[in-house]
């Protein structure tokens, strides 16, 4: 049966297409908006059966134009947390997703969609519960509002609905994202071009480079998506992070040491890298004061209770693997 991936040429979408291919699935309809044409590169090594623009897709799917569809992985959205056009954000992230979910429910199609840890915003607890959801921007609000609709819909739903609250995802196929690409991607390119990695200095009780996030490899993101794809009886909204906050220093140290290793140089500690000027700390920007999350860490209780038991890659494992992938890409 056909599988549909929206946002298929994007970061997580393209990795999902590749993950499905690795399982022998090739009857995949890719849906995206290729206004940013360079995204096509993410699909060059993937097998798909068709491509559609997002503007024509929902209406055609609701009409049943694609026959029997098993599942939709909905990764297509505006993921720019700095976007200030609320009307565009709500139309793209909320209304479009709502129409797609309704069409899936009408046809009994599994619906697996991208939510976001941005729904938690100013919270210091990251558990899938309404009391901890305090979005700070319209992107977070668009995801938050749709999650509320899902909660009201689930009791009467006759087919699977699963939302994944992605934390700080990094990994292959994100190069088109510009400023919204991961810290690992930016650290890698900064070190290659400037010979140093710059991190924020101390702020809000956290030491220099010590602000912490839940950094999760896209490899694990794909595995969790496919676990729920294989278990259509499981529905709900789930955090998708490692459950382990790590400091930005860990990202920078892993990036620099992986690049040093490729040159036959020994690994250095974070302190040694700073002493050598390979990691530098800059004053925390005034513009970000009061608007910056210094700590995120996924509560994995609900995910583990649903039966997902595989371990997650640490920064040291996942970022090193990602850097080696980046080094292998053509210039």
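Heads up, the Cβ atoms here are built off N, Cα and C, so glycines get one too.
Lifted from Swiss-Prot, the feature list:
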type	residues	note
ACT_SITE	139	active site, proton acceptor
ACT_SITE	177	active site, proton acceptor
BINDING	11-12, 32-33, 39, 54, 75-79, 92, 143, 169, 177	NADP(+) binding site
BINDING	168, 179, 186, 200, 201, 202, 203, 213, 292	substrate binding site
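Take the binding-site residues 32, 75: by the count of other Cβ atoms within 10 Å of each Cβ, the lowest one is 32. Only 11, of the recorded positions 11, 32, 75, 139, 292, have a C-alpha within 10 angstroms of the C-alpha of residue 177 (active site, proton acceptor).
Here the candidates are the recorded positions 139, 186, 292. The one whose C-alpha lies nearest to that of residue 32 (NADP(+) binding site) is 139. Listed in sequence order, 93, 115, 116, 118, 119, 135 are the same-chain residues at least 6 apart in sequence whose CB falls under 8 Å from the CB of residue 143 (NADP(+) binding site). Counted over all residue pairs in 168, 179, 186, 200, 201, 202, 203, 213, 292, the record's binders of substrate, the longest Cα to Cα distance measures 22 angstrom. Taken residue by residue with DSSP, residue 143 (NADP(+) binding site) is part of a helix. Each of the recorded positions 11, 139, 203 was scored by how many other Cβ atoms lie within 10 Å of its Cβ, and the smallest score goes to 203. Ranked by Cα separation from residue 11 (NADP(+) binding site), the recorded positions 139, 203, 292 are led by 139. In the structure shown, across all protein chains, 39 is the one of the recorded positions 39, 177, 186 with the greatest number of other Cβ atoms within 10 Å. Separating the Cα atoms of residue 139 (active site, proton acceptor) and residue 77 (NADP(+) binding site) is a whole-number distance of 10 Å. Residue environment of residue 201 (substrate binding site) contains 16 other Cβ atoms, counted within 10 Å of its Cβ in all protein chains. Here the C-alpha separation of residue 292 (substrate binding site) and residue 77 (NADP(+) binding site) works out to 22 Å. Classification of residue 177 (active site, proton acceptor) by DSSP places it within a helix. Every protein chain considered, the tally of other Cβ atoms within 10 Å of the Cβ of residue 77 (NADP(+) binding site) stands at 24.
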